[in-house]
Amino acid sequence: MIIAISLHLLGKIISPLPPKQILSYPPKSIFHPSSSFSSFSSFILNAPSHNLCHRIMLPQFVILLFLICCCSETAYSSHCTTSTSIKAFQKCTSLPTQQASMAWTFHPHNATLDIAFFGTFISPTGWVAWGINPTSPEMTGTRTLIAFPNPNSGQIILLPFIIDPSVKLQKDPLLSRPLDLNLLSSSVALYGGKMATVHDGATVQIYATLKLVPNKTRIHFIWNRGLYVQGYSPTIHPTTANDLSSIATLDVLSGTAAATPSLIGAMKTAHGIINAVAWGILLPIGAVVARYLRHIQALGPAWFYVHAGTQLFGFLLGVVGFGLGIRLGELSSGVVYGQHRKLGFAAFSLGALQTMALLFRPKTTNKFRKYWKSYHHFVGYACVVLGVVNVFQGFEAMGMGRSYPKLSYCLCLSSLIGLCIALEVNSWVIFCRKSKEEKMRREGLIEGSDREIESYR
């Protein structure tokens, strides 16, 4: 409607122009909603001055065309419809990327889903895909229907594909194969009818009817588009942030959207950073403080407060990261990192035991003090080791096995280990020296107190 009104006003403004000049200036392609503003500006700048300049003012005309472009883009990208040339649907939604939308009707009595996907081509030789991932909101594992021009006839066709990890790594070409979903029917049509052809900006409609698992109405939808098709094998799509975010999880019964992939990605990042700092850095630092600073008599009890404060803060931070991990597990149904999960629960349990052990810490004169001390050392070191190992498991789970964040963490951990080695060697040197002095003291060769040596035992 906005486009029609704007074009009508434009026609009124330039109506005195001869019909032939109106047809030749501008080319009609510039009025397509997907055209860029540069096409409009070039038309204005290159138009004959005797035809336009005396009839309209250039700034007002440029502003009008700019508004036409912006309004048409907004209207086009935010629109969804429940009516199509084939059938009407009950619900629709505008998808967050690529100006795509979707309409559907869910039949609860037999758990069938009628769905229509609306996407656009970005190349005359490109492809448009829509699919469902039965387990998780990601590309890998998606069962998809891909529409593209038939290399032989040029007519639009729709073929089924399964996106496995080898496709993501571009090891093998993507080949069509039957889907393991209960797909009852599928079809494809170009907007404009049988005479329509595939071009940049052409709208395609993909229709499908599926039989869903009873009582499972929360579906992960994935869509995308690419530039080329080699034979009957679509090539990789662009990897911009917009293209990599073409995922939505919807409840087809209620029509509500689940947590968006961007939110889940942010939670994953926060979970990884918090746990790497808490379990992988702070807790090891707290253990180092207890082992090597307690022997420095000049510090007095300060080492204990530093140790307890570091460990307590690290554990509380770890609780936040642990909670984020639990929530991520709830939002990512079907995605299970078994080993990472088990190590996380084990490290959290040991950390909780260590924290509670502070409440039952015996006095130094208590006969059970040595047993508590042994327990405290064993559980503490086990918690630190499990935490560090699980941080590396987390990098692998996030697909960051060869990333700069992992390299940065390895450098931090290596520096801490190097410091521990230096302090350990220094401790043994001091211990050996004190032992030698004690022996000489017992033999009466020197005089001194035995209290200094006791602190290194």
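Positions of Cβ are set from backbone N, Cα and C atoms, glycine also.
TrEMBL entries are annotated by machine, without manual review.
Record features, source TrEMBL:
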| type | residues | note |
| --- | --- | --- |
| BINDING | His271, His307, His340, His376 | heme b binding site |
| DOMAIN | 98-226 | domain 'DOMON' |
| DOMAIN | 233-432 | domain 'Cytochrome b561' |
| TRANSMEM | 272-290 | transmembrane segment |
| TRANSMEM | 302-323 | transmembrane segment |
| TRANSMEM | 343-362 | transmembrane segment |
| TRANSMEM | 374-395 | transmembrane segment |
| TRANSMEM | 407-432 | transmembrane segment |
For heme b: widest Cα to Cα gap among His271, His307, His340, His376 in Å: 27
Stretch with greatest number of CB pairs under 8 Å, the transmembrane segment (343-362) reference, 302-323, 374-395, 407-432 candidates: 374-395
Which same-chain residues, if any, lie at least 6 apart from His376 (heme b binding site) yet have Cβ under 8 Å of it: Gln354, Ala357
For the transmembrane segment (272-290), distant same-chain residues with Cβ under 8 A (at least six beyond the ends): 303-304, 306-307, 310-311, 313-315, 317-318, 320-322, 324-325, 347, 351, 380-381, 383-384, 387-388, 390-391, 394-395, 398, 400, 405, 409, 412-413, 416, 419-420, 423
Under 8 Å by Cβ from His340 (heme b binding site), counting only residues of that chain that are 6 or more apart: Asn390, Gln393, Gly394, Glu396, Ala397
Nonlocal residues around His271 (heme b binding site), in sequence order (Cβ under 8 Å, 6 or more apart): Gly321, Leu324, Gly325, Leu328, Gly394
Tally of DSSP helical, extended and coil residues in the domain 'DOMON' (98-226): 4 helix, 63 strand, 62 coil
Overall pLDDT for the domain 'Cytochrome b561' (233-432), taken as the rounded mean: 86
